């Protein structure tokens, strides 16, 4: 039960985080911001930086958590005493 | 500077560079293809490609001629809103991987349609496959237009000659290469694309006087004051939040249904490798995407401050034109080779997807006992035929090559993505829901597109309707609603029980998530399904309200 809940929650929250980080333009279209950052308008450069480094950071987090959840599913399977034959191909 | 006929003055130089890259691709394709003995080898490269190579290949498949030529053209036309639209396309592989890619990889699926067949049965999978063929052809169409434009600029030959001669050569290469060749080639192509785009961009920036030329993707802020002075509206968002929201159903969800992209996840050697590939993908794609925004910025800057004149018909050539104006010819020749690499890698992904769809998902589904040799041969014929169709469609191209590509995203989002997402995460989804979602959703999307009935559109804003933003904002939620509601009702109709395969569906879902036992509480949330229906209904109603454009 624990690994299942983690898997579902991870997928929902991670998807939401990715969509948010990749669509900062949408947020700025609702809440416009004036000002400059690194010589560019904030509303121009922040979506670009988030769409690169923000997404890159999230892929590292998602990869690590995804691998850990796989391991937990495997250990819950092992606790059932089921053989290993159907393990990940 | 007058508008003019843009082409290389020394086509032999250009041809030599393009020829050399082709020889490289043919050699890699040939060496890899010797190992391509089975259908599995042809389509997913034997399922044993390493993380870094696969990450590069994912990026190259995704980064089509749209990136090389198309984005800069639409930045010239739409300016910053188009950059905002493009940024989220980087989410494709990460979202595919976490939402369903690893599950389908665990299942050993060839393609998303393979999953749909096992999950919803033959009829639903054939309907999905037919839509996916249309998606792949529309996507390939954009590449063909780009390839023809590139050769037009390279050799000064007419568009149609470039389209037929070089279109057929490229389709021939892909037919011979297969996916193993394609994966190794795509990785090489990614390196070529990155170098041939970013280094010449640095030289262009230096020529127009930017001090940050040594890192073009981000260091061009010293050009901002001049840009604001001569074109104060460049950074304006122009459109309402609704327009920015519509990008999510059309392109973010749309990318989840693209057959050629998801197939890259299945080429990973294992799940951990697939997740590492996603990290490489994000890093490299972010780098090149940022460079394309810079190229678009420099293009607008050059037209606004340096007197460069680019006619509407030449917008798709902006990247090449900037190189012709500011760089030596041999650099432009390298850029053209990079553009062709970009088109080639995506086109091979599209055409291989068509091959897999026709031979595996349609013919092998209807006639499971045909020999593998014949199946492989049908695959090769389908790949070639798909290429020919995209060449024929490119005879009268739309105004911007990127429009047909983004429209294809929306169609994939309507007809394919809901079936996979809901199918992986909700046991109740069944074939009646899937068929209703795919057919009705797909029909609505096609009807409200400006290509079939130009008078039936949602916004009247040509590019917004043409890219499928408005259509997908209506049709994607409808597709989710139909899938969930029709499945929920038909599961409770006693007369239909013998037509459903509930037990095998449940076993399949548990297995692809990695479970060895079956628990009724898993992937069975009525509340989750209900929330999805309510949110989808609200979005669909919003899409029907006036857009004010």
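Any Cβ shown, glycine's included, is placed from N, Cα and C.
All TrEMBL annotations are machine predictions without curation.
Copied over from TrEMBL:
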| type | residues | note |
| --- | --- | --- |
| TRANSMEM | B:52-76 | transmembrane segment |
| TRANSMEM | B:82-101 | transmembrane segment |
| TRANSMEM | B:122-151 | transmembrane segment |
| TRANSMEM | B:188-215 | transmembrane segment |
| TRANSMEM | B:243-266 | transmembrane segment |
| TRANSMEM | B:278-302 | transmembrane segment |
| TRANSMEM | B:330-353 | transmembrane segment |
| TRANSMEM | B:374-395 | transmembrane segment |
| TRANSMEM | B:401-425 | transmembrane segment |
| TRANSMEM | B:432-457 | transmembrane segment |
| TRANSMEM | B:469-489 | transmembrane segment |
| TRANSMEM | B:526-545 | transmembrane segment |
Contacting positions for the transmembrane segment (B:469-489) when only residues 6+ beyond its ends and CB under 8 Å are counted: 243, 245-247, 249-251, 253-254, 406, 409-410, 413-415, 417-419, 422, 426, 428-430, 432-434, 436-438, 440-442, 444-445, 448-449, 457-459, 461, 526, 529, 532-533, 535-537, 539-540, 542-544, 547
Cβ contacts under 8 Å made by the transmembrane segment (B:82-101) with residues that lie 6+ beyond its boundaries: 58, 62, 71, 74-75, 115, 237, 244, 247-248, 251-252, 255-256, 258, 261-262, 264-266, 274-275, 277-278, 281-282, 285-286, 289, 292-293, 296, 420-421, 424
Long-range environment of the transmembrane segment (B:122-151) - Cβ separation under 8 angstroms, sequence gap at least 6: 64-66, 68-70, 112-114, 116, 157, 159-160, 162-163, 165-167, 170, 257-260, 316-317, 320, 336, 339-340, 342-343, 346-347, 350-351, 353-354, 357-358, 361-362, 365-366, 386-387, 389-391, 393-394, 397-398, 401-405, 407-408, 411-412, 415-416, 419, 431, 434-435, 438-439, 442
Tertiary contacts of the transmembrane segment (B:188-215) (same chain, 6+ residues out, Cβ under 8 Å): 21, 24-25, 28, 56-57, 59-60, 63, 67-68, 221-223, 284, 287-288, 291-292, 294-295, 298, 301-302, 306, 319, 322-323, 326-327, 331-332, 334-335, 337-339, 341-342, 344-345
Stretch-level contact, the transmembrane segment (B:278-302) and the transmembrane segment (B:52-76), CB cutoff 8 A, at least 3 pairs: yes
For the transmembrane segment (B:374-395), distant same-chain residues with Cβ under 8 A (at least six beyond the ends): 38-39, 42-43, 133, 136-137, 140-141, 143-145, 148, 160, 163-164, 167-168, 170-172, 174-175, 347, 350-352, 354-360, 363-364
